[in-house]
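S.K.: My structure is below; once you've seen it, I'll send some questions.
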Amino acid sequence: MSFADNDFLRQLPKAELHLHLEGSLEPELLFQLAERNGVQLPYANVEALRAAYQFSNLQDFLDIYYQGAGVLQTEQDFYDLTWAYLERCAADGVVHVEPFFDPQTHTERGIAIATQLKGISRALADGQAQLGISSRLILSFLRHLSEDEAIATLQEALPLREHFVAVGLDSAEHGNPPEGFVRVFDMAREQGLQAVAHAGEEGPADYIWQALDLLRVIRIDHGVRCVEDPVLVERLIAEQTPLTVCPLSNTKLKVFAQMQDHNILQLLDQGVKVTINSDDPAYFGGYMLANFVAVRDALDMTREQAIALARNSITASMLPEVEQAVWLAKLDEAA
Ligand code: ADE
Ligand code: ZN
């Protein structure tokens, strides 16, 4: 199979480890849900909404992303959102997903965490049964809100503990360092939850150190600014801490001016355990396969690098080793 042909990239078994379910809300579904729920939108139609997806930085994007999430109201809405994402995964050769949801975006609007979780979980179960896609869900705290609000969110979610396996930290990074969330992450870990955190997307390398040492995360979401601190890069290599990198997101949000400037393959070649992910694909121009294709085309990714990235996604996942082994064997066949 030719490497220039997207089918090679599509058939590689891949895990998606950095995906905000709310960021997979396509304009078409957004408009359908607005109509179903009687929500007035400040855009005339799908085209006008898509045209507004021009961002200079993370905050520009977050403003429109939180506004869009306002159409999600019922359990069925959360089901439909999650199911649509899983169908995209199936089309792209994604075999395992570890998505985030942002409960506070919805509890602020009076929507109970139980409503959110039941819809998402039912879709994830159908994804396993009907599409063969396994999953683990991550509950993510909004770092622009206070730690006390994160604690209240965790407490509301704990009776539904069987629906999620980890906590995360996302939203506006500047001025909201990981060190402000130590207590809530400690509480989560006491409950047997794993931890991940966005760090080093727009924020400095120091936030990556904090996420590692204070929040004790198993992965760093983004992390591309690690290169500003060579000692940190050495540590990431030594400990094989995965970075869930999101190439299209990083160019849309101007973390890198253009894909040719992206550092993902340099990090890979240095021995950092990087993975490819889509972050908020409805806003950034594509799902998993589009991210692989963009990296291949802009950075001359080789077949071997593509396979290494897919391998990293499997071994960086929370799947048990016996399940990882099945996908790794398939990747060996592709090599
Ligand atoms: N929420 C959704 N996407 C995000 C991103 N790329 N960074 C921080 N918070 C987010
Ligand atoms: Zn993200």
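Each residue's number is its place along the chain shown, starting with 1.
Each Cβ is built from the backbone N, Cα and C atoms, and glycine gets one as well.
Automatic prediction, not curation, is the source of TrEMBL annotations.
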S.K.: His18, His20, Asp279 show up in TrEMBL as binding Zn(2+); which entry in His96, His106, His198 does that record put in the same site?
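M.R.: Checking His96, His106, His198 against TrEMBL: the Zn(2+) site match is His198.
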S.K.: Measuring Cα to Cα, how far is Glu201 (active site, proton donor) from Asp280 (substrate binding site) in Å?
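M.R.: Distance between the two Cα atoms comes out at 14 Å.
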S.K.: List the recorded positions His18, His20, His198, His222, Asp279, Asp280 whose Cβ sits under 6 Å from any atom of ligand 1, in sequence order.
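M.R.: Going through His18, His20, His198, His222, Asp279, Asp280 in sequence order, those close to ligand 1 turn out to be His20, His198, Asp279, Asp280.
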S.K.: Measuring C-alpha to C-alpha, could you say which of the recorded positions His18, His20, His198, His222 are within 10 Å of Asp280 (substrate binding site)?
M.R.: His18, His20
S.K.: Filtering Glu201, His222, Asp279 (recorded positions) by proximity to ligand 2: which pass a Cβ cutoff of under 6 Å to any of its atoms?
M.R.: Asp279
S.K.: Looking only at the domain 'Adenosine deaminase' (13-332), what is the model's average confidence as pLDDT?
M.R.: 98
S.K.: For the C-alpha pair, I'd like the distance in angstrom between Asp279 (Zn(2+) binding site) and His222 (site 'Important for catalytic activity'), rounded off.
M.R.: 9
S.K.: Please report the Cα separation of His18 (Zn(2+) binding site) and His222 (site 'Important for catalytic activity') in Å, rounded to an integer.
M.R.: 8
